[in-house]
Every structure is written in structure tokens, then in C-alpha cells.
């Protein structure tokens, strides 16, 4: 129907006849000559409807309004002197229209397509209009390139794309499952997969050797800016591999994805042990675009005359005292800013925020009186303090201190404008603990219970580490993976450590244990969150900007009004009866 997309055309096409299709982006009547900005998925081009060129086209144009669908035929000509629009790819040219068709009319739109101030709920209610925004289209064009690049890269490395089931069995993977009632087997339910984890392991047991899938996953969890109830991941599994092999594959396809998106990245990525990430940055996904690394000063505070700090410093296993040095911070921060810093950390469990300022005549601050001159000199040397610096201290329980100081580090970086928005800092975080303790004292798998432990015979669960790895970009976890357990006895032992008895093992994971009993190969893999990846590449503010039809923070689709009540007939067929007074 069309001869070109709008932005295929340029000054080299002057004099050429074209046929274009699209929507009215804007409409202007200048003294009898009508100018229409025609928008298609590629961008905008200006149509000129002059009655001297075509009375019929001009008359039709006079009836056009925003978001009407047009088909225009005409000739390319250069714009007049001083009329070039450098903001448009087609800003040097315009189309003199000889024939115009209104293919379809539009109701008055509830908002202007390019208006960035529109309430997000309104945008999501009319998502089909919102997606006409060229900026959003660019996000999905980039997403498509990324998917194609991932497929090509993995195929070139010998990986086979295999689809795994969407209707499957509920298995504990950390979040709540979405359940689907069975009509045929009433009273029984399928679960939508939180990931293809067990199926891809079974494919390795089947001898497929190298698998991948761009997989849809479902998790019924509370939403945040970077979470959705359904999301997409680049899922990879391989046999007869070690951690370094999986990392090499992941770096290869990530490099190819970024190249397809117009960005060059350097490999190999740097690596950091989990314990170092936590102790030095207060996060298992540290943002390395800036420094502000923690300094451990608990041994110096152990010698202080302050009873509170001295008591904290006695237990170096359970407690931490960390410092963050801000070069020239004493010359930058106002008294009000220093108060705001303390208010910030208190929101995350801090009892306060101690600090020392470096003046021309030495270290100053309420803390100084609790230290000897020798200890202050040691503190100054440890923190590499210079005149004009300020150093902040966090002290208390290990988990609390690392958390609030990690958050404070990012808060400081934003206050100081230390973060380069164009930088791409990749990092592998490796050697994760196998287990983590819950608030009730029980233990759960930090990644998942199918991860290979390094020292399974260790009696202290907190000392057992795993062959697990996360890839981080600019402080955001892109994805993670592990070498899997491929021996039945080790898998059963891990289940027992998680208080999953033999009956539960058989009920929930019997098929996996069976597969591990028939010569399962060593295997491992990784999953990269595609939505999150594209959000970072495009600079989008929310993951909703890179998903065509996303849910809200309340897990609702405002456009289709999902979820919605099922009919009484459908409920009867499924054998389901709701309790009364359910809202």
C-alpha cells in the first residue's frame, strides 16, 4: 500500500513520487495551504496540501483531524529557505500532496500522543494510543533487535531453542505461584512457571547439551518499578560445563545484544565475591560507576572510650562499623544536608550517623573526644583523609549497617552527581552463600535449592557456599545462574537441610530426583531478565516502558480490566465456589 516509510526519505529523493500511510500528528491551516505532520512508526514527515496543486486533496485535508488515518500520494520537494526543521529526520523535505484519502477517522484522543506529562494510569488505560508515541516504539524496536541478536548469538554457539510448558506443577521457587484450575481434573491446579528451571535441567538429563529460550515467566509477588507479574528472560542451560564456561557464554551473547543495540561493551567483566560486595558496598549488586567504597574501622573503634561503639566492636562476627570517606565533603555539605543524611539512614534502621570533618588544624567532630591522638592518626591513615574531607560512620548489627550504609552510598552519589548516566559498568558477583536465614530463624536457599553447594558437609549452614553467580549492570541485577546439582544424593541432602522431608521431596520433585538417578550430566546455566536489560539500554524510567501491555503496581491491566470476575457458568464448570464477601 505504501512506497516508503516516512524516514526512509530524504533530500536525495527530491522529485520522486511517493505513497505514504500514517496518522495525523498535527494539523495547521496557513492561509488556505494546509500542513499535516504525518506520523508512521518510523517518524514524521510534512504533507503540504495546496489547492493550486490539488483542490480535491486540499478539500479532503480540511476535514482531517488529529489521529485520523491517511493515505497520501505526492512528490518530494525541498523545504523553502529558512524552513528546514533540524529536529526531524525528514526536516529538509516535504511532500506536495496530489491525492489524499481519509482511511479512517478518530474520536478525540484523551491525550496528545507526545505529551509526557500525562498521568500513567490514563496512558495505560489507552495503551493502544500510548504506544503510538515514537519514543515507545523505539523501545520495542530495540527490544526486537536484542531478541534477534540473542537468538543468533546462542544459535552460533550451538544452543538449541526449545519451548518448555506454561501449564506445569507448582514448585517452591521463592515467590507465590499463579494457579490455573483444571476443568478436567476438578479440585486440582496447574501453576504458571516462575521460570523454566526444572524443565531445562531435565533437557540436560535428556542429552540436549545446550538449550536456550526467550521464556515468559510468572510470579505473584508485590510489584516495584522493575517488577511485573509476568516477565521475559533469556534462559540458557548447558551440560559438561564449569562456572567459567557459563560466564563466557553469557558475556558473548550480552556483547552481541549490546552491539545490536548500538553499544560496544568490553569483556570479560570484572568479578567480585559476594562477601566482598557486601562488606565493601553494602549490596550484592553494587553500582561501580562511582567509588565511595566502605572502609572497615571496627578494630579502631574497639579502642575508643565510647561505650556504645566499644561494645559494638567486641563482636566482629555479628556487628560492623563501616566508614565512607567523601573527598572535600566538608566544603560541599551544608549543616542542613548533614541533617538530611542522618534522617535518611534512620529510615533504614540506623540509630544515627556519626561523622568526622577534616579541618586545617586536624580532625573535628563529637566523635574525636573518644579517641586517643594515636587512634585518630590511625583512623586518618586508614581512611586516607585530607583537608576538606568528611568521613561518615555506620555502626551496629551487620545486616542493618551494611543495608543502610549501602543505601547511603547511593544517596551520596546522587547528591554529588557522581553517576555517569552513559557509563556501562558490568560485574559478576560470585561465590554466594548457599543458604540465608529468614526472620523466623529458618533457612531458605539464597538462589534456589538446585544450586550446587561447594562444601555441603559444613555443619554451619551459613558457612556453606554455592557455585552461583549474578551479573550486575550499573547496580541492577540483570540475571543470575549457577552450576546445578546433578547427583541425586546431594540434591536429597540439600532438601533435608531445607526441612523438605522425603514425602515432600517425592511429591514436589519426584520427577527431578528420578532424572538425576539416570546418569545426569554436570550442568549449569543462567537467566537474564530481558525487560530489565532493555530498560537499562533505553534509559526508561520503568520496566512498564519496555513491555507492550504491562500491569500496574496493583497487578491490573487498566485497558482490558484484568483480572475480572469469572462467570457463574465458568466457575461451575471448574468446580469452584468462592467464599461469600470476598472483595
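The backbone N, Cα and C atoms fix where each Cβ goes, and this holds for glycine too.
Of the residues 279, 477, 573, 580, Swiss-Prot puts just one in the ATP site with 219, 220, 221, 228, 529, 530, 531, 532: 477. Checking Swiss-Prot for region 'Aspartate' across the ranges 193-196, 197-200, 201-204, 205-208 points to 197-200. Secondary structure at residue 530 (ATP binding site), taken from DSSP and collapsed to helix, strand or coil, is helix. Within 10 Å of its Cβ, the residue among the binding-site residues 221, 477 with the fewest other Cβ atoms is 221. Maximum C-alpha to C-alpha distance over the listed ATP-binding residues 219, 220, 221, 228, 477, 529, 530, 531, 532 is 19 Å. Looking only at Cα atoms, residue 221 (ATP binding site) sits nearest to 447 among the recorded positions 30, 82, 447, 484. Geometry remark: residue 447 (L-aspartate binding site) versus residue 82 (site 'Important for tRNA non-discrimination'), CA distance 61 Å.
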